[in-house]
Amino acid sequence: MNPDLMTRTLLYLDGVSVSFDGFRALNNLSFTILPGEMRAIIGPNGAGKTTMMDVVTGKTRPDAGHVIFDGKVDLTKQDEAAIASLGIGRKFQKPTVFESHTVWDNLDLAIEGARDPASTLFHMEGEERDRIEEILGIVRLRERRYELAGALSHGQKQWLEIGMLLAQNPKLLLVDEPVAGMTDAETAETADLLREIARTHSVVVVEHDMTFVRDLGVKVTVLHEGSVLAEGSLDHVSADPRVVEVYLGR
Amino acid sequence: MKGGFLLRGLDRGGLIFLAIVLGVGILVPALNLLVPPGNPFHVPGYAVSLVGKYLCFALLALSIDLVWGYCGILSLGHGAFFALGGYAMGMYLMRQIGARGVYANPELPDFMVFLNWKELPWYWYGFDQFWFAAIMVIAVPGALAFLLGWFAFRSRVTGVYLSIITQAMTFALLLAFFRNDMGFGGNNGLTDFKDILGYPVQAAGTRATLFFASALALALGFLLCRAIIRSKLGKVLIAIRDAESRTRFLGYRVEHYKLFVFTLSACMAGVAGALYVPQVGIINPSEFSPAQSIEMVIWVAVGGRGTLIGPVIGAILVNFGKTYFTAAIPDFWLFALGGLFIAVTLFLPKGIVGAVTDWTKRYRKTPSRPDPVAPKPAE
Ligand SMILES: Nc1ncnc2c1ncn2[C@@H]1O[C@H](COP(=O)(O)OP(=O)(O)OP(=O)(O)O)[C@@H](O)[C@H]1O
Ligand SMILES: [Mg+2]
């Protein structure tokens, strides 16, 4: 551990390991995200990208290592709800929205505010109305607000989930493969949207789509077999022979 | 802000439902008391008690729908909460018998005298007071549900495992209440009631009042459930039902929500049991039998879970069928019930109300605003 570095970071992973039945999905993984930073994470299938997000959001407990948020909170000691309340939002690789709720209600559930049963029971609709309208506009779902989320196309579900992240207004957004299944035009729009979000939030994006990663124009971390293989600009890591070997050159 | 809470349940559908239930609650006793026997519009006394019983079952079904239809918790132990509410009321009614029992003991119920007990067990204290019994009707099932839910939901026990735990709970209570030394009348349960609040239980006026009270309880239970479902908490419940872990990642403490609805639902079931007992005149351990709890879930499935109105219709229809069949062809009932359940699962996965809703939507062929709360068909 490096306490000096830790206190300056928003997210600090140090020596994190996770095994599934003896298979090491994360192997002594360490990296840091600074406040306000946007980072792209790439790596071949099975590199451990999603598992890393599982560890940060409390879904998976690491066998070893530290995950420190905001320079002080040890996330490995918290559960999912507590981590979300600390200000970490997540978009899943497979889009997960509440299918039997309307688009509007999905955003209403996500919007920041008290999460305990007493508050939600007596909650009056109104205050967040404008904010939800605004987000509907940003993610282009205004016309479909009263439709069930289950009826949306794959791409629209992705956008709704990004909209839910916006509604949550977390300090750190973990975005797992946001452009999977999108057309080129949609992909470009999503890159714009994420860059816009990154102006006011810290964002970690996992993506395979290299055009998209280039569009983002941010620092890239390459994962391979559960640890960091290379880090730097996309051009820098693309030139790294080890990266070429395990990933780009396949 | 909180004053208007219940009123949220009063949209058009809710108002129609309330009007019907309260209408029945007034009309049936009136036709019994005011129309002379022999007149074709006269409702005989036994029918008042019978339909009153159905109303209690409807309230019970409503309570199951709240946890199962909206939060995905399939409780196979709601019969226990119902029975505990019933026993609390039964204990009050036993103490009202006073010295009029066979053994004429002013303090002890007959079965205790028979067991040679000399004094009232401590847990019978207070049940001579109606207010105390009324609190226990809600508190005892509520406390049990809270305790069970506390451990189960915190350990994230879900699905089949939770259903099995609730079955085990009601089965354990069945065995316990069968024992004479438990002090609840053993096998025979509590019966031979005389008075409730000073009025003879069997009198026509009392019967009519109990009937109206059951209708009122059903109406209030419905209003409460509907207000909950339409609140933001209701949206969270549905989110938990459909994607529990996703809900956690939004920062909701799923276990707190489950604990809230499970406990509330148990309290409602307790009230249903308390209204049931004076109308049927007996409460015995058979109400705890696991099959009983399964039957209740079938009422909900038949009517349509996650619709509130459906379970009410299901409870009344199935029990009407049961009354009919057990009188006409007694051996046939269990087959009919099993067949009904299979038929509903196969052909009406959303129950009667779900099927009717789908049908009217298709018939109109207009893309109306979808019902945001309809659950996915069978789990
Ligand atoms: N719950 C689990 N049980 C067993 N193995 C798992 C589990 N979760 C992940 N793994 C394994 O861990 C490895 C890393 O998986 P992970 O999903 O993190 O990869 P990824 O980098 O996100 O890949 P992709 O690009 O395909 O999404 C894979 O080999 C996967 O099979
Ligand atoms: Mg992945």
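In case you wondered, yes, glycine gets a Cβ from its N, Cα and C as well.
Given the structure is predicted, the values throughout are model-derived calculations rather than measurements.
Pulled from TrEMBL, these are the features on record:
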type	residues	note
TRANSMEM	B:12-35	transmembrane segment
TRANSMEM	B:41-60	transmembrane segment
TRANSMEM	B:67-89	transmembrane segment
TRANSMEM	B:130-153	transmembrane segment
TRANSMEM	B:160-178	transmembrane segment
TRANSMEM	B:208-229	transmembrane segment
TRANSMEM	B:257-277	transmembrane segment
TRANSMEM	B:297-320	transmembrane segment
TRANSMEM	B:332-353	transmembrane segment
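When Cβ-Cβ distances below 8 Å are used as the criterion, the transmembrane segment (B:12-35) is approached by residues 41-45, 47-48, 51, 55, 204-205, 207-209, 211-212, 214-216, 218-219, 222-223, 226, 309, 312 of the same chain, each at least six residues removed from its ends.
The transmembrane segment (B:41-60) shares more Cβ pairs under 8 Å with B:257-277 than with any other stretch in the list B:67-89, B:130-153, B:160-178, B:257-277, B:297-320. Ranked by Cβ pairs under 8 Å to the transmembrane segment (B:160-178), the stretches B:67-89, B:130-153, B:257-277, B:297-320 are led by B:67-89.
Listed as Cβ neighbours of the transmembrane segment (B:297-320) (distance under 8 Å, sequence separation of 6 or more from its ends, same chain) are residues 13, 17, 53-55, 57-58, 60-62, 64-65, 68-70, 74-76, 78, 218, 222, 225-226, 229, 337, 340-341, 344-345, 348, 350-355, 357, 373-375. Sequence-remote contacts of a segment are chain residues at least 6 beyond its ends whose Cβ falls under 8 Å from one of its Cβ atoms, and for the transmembrane segment (B:208-229) they are 5-10, 14, 17-18, 21-22, 24-26, 28-29, 32-33, 48-49, 51-52, 55-56, 58-59, 62-63, 65-66, 70, 196, 199, 237, 261, 264, 268, 271-272, 275, 278-279, 308, 312, 373.
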